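Student: Okay, these came from TrEMBL:
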{"type": "DISULFID", "residues": "29-113", "note": "disulfide bond"}
{"type": "DISULFID", "residues": "34-40", "note": "disulfide bond"}
{"type": "DISULFID", "residues": "46-51", "note": "disulfide bond"}
{"type": "DISULFID", "residues": "83-89", "note": "disulfide bond"}
């Protein structure tokens, strides 16, 4: 049985589920996950089984409630690729996924951007372990740069 309690903390709402304190996924966090995945290079299309600037797989998109671009439908052929190839729709996929599947990778009782990034990069079973080197370097560089932030309209 999960208990949901929103609280205001530092101008954003946190959520409590059982023993977990869950920070919301912010535009800064999404920017840094995007930077980790592809440096937010808009020319990125598909690489193997992942597509878009966030490097999103089809199952991940499905698990995030299959967002689409305006006037598109999740059932339309190509809806997944069109969405994840768009910066805002891709951000919505990641935000939806993290809201639906928050996971405390480092078992500290807090779900933070670090946990979201690890979950995105390595999945639930390996998110506390070693991240892909480029992802980790680009993510950390972004997190240390206060001016590096995109507005995805999530907050």
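FYI, residue positions are counted from 1 along the chain as it appears here.
Including glycine, each Cβ sits where the backbone N, Cα and C put it.
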Student: Run through the Cβ atoms and count how many others sit within 10 Å of the one on residue 40 (disulfide bond).
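Tutor: Other Cβ atoms found within 10 Å: 21.
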Student: Using DSSP and collapsing to three states, where does residue 89 (disulfide bond) fall: helix, strand or coil?
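Tutor: Helix, per DSSP.
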Student: Please report the three-state DSSP label of residue 51 (disulfide bond).
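Tutor: In the DSSP reduction, residue 51 (disulfide bond) maps to strand.
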Student: How many Å separate the Cα atoms of residue 46 (disulfide bond) and residue 83 (disulfide bond)?
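Tutor: Distance between the two Cα atoms comes out at 12 Å.
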Student: Just to verify: the residue among 29, 46, 51, 83, 89 with the fewest other Cβ atoms within 10 Å, which of the disulfide-bonded residues is it?
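Tutor: Each of the disulfide-bonded residues 29, 46, 51, 83, 89 was scored by Cβ atoms within 10 Å; lowest is 46.
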Student: Within 10 Å of residue 29 (disulfide bond) (Cα to Cα), which of the disulfide-bonded residues 40, 51, 83, 89 do you find?
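Tutor: None, since no candidate lies within 10 Å.
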Student: Check the Cα-Cα distances from residue 83 (disulfide bond) to the disulfide-bonded residues 34, 40, 51, 113 and tell me which is shortest.
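Tutor: Going through 34, 40, 51, 113 one by one, the Cα closest to that of residue 83 (disulfide bond) is 51.
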Student: Here the disulfide-bonded residues are 34, 113; which one has the lowest number of other Cβ atoms no more than 10 Å from its Cβ?
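Tutor: Comparing Cβ neighbour counts within 10 Å for the disulfide-bonded residues 34, 113 gives 113.
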Student: How long is the line from the C-alpha of residue 89 (disulfide bond) to the C-alpha of residue 40 (disulfide bond), rounded to the nearest angstrom?
Tutor: 13
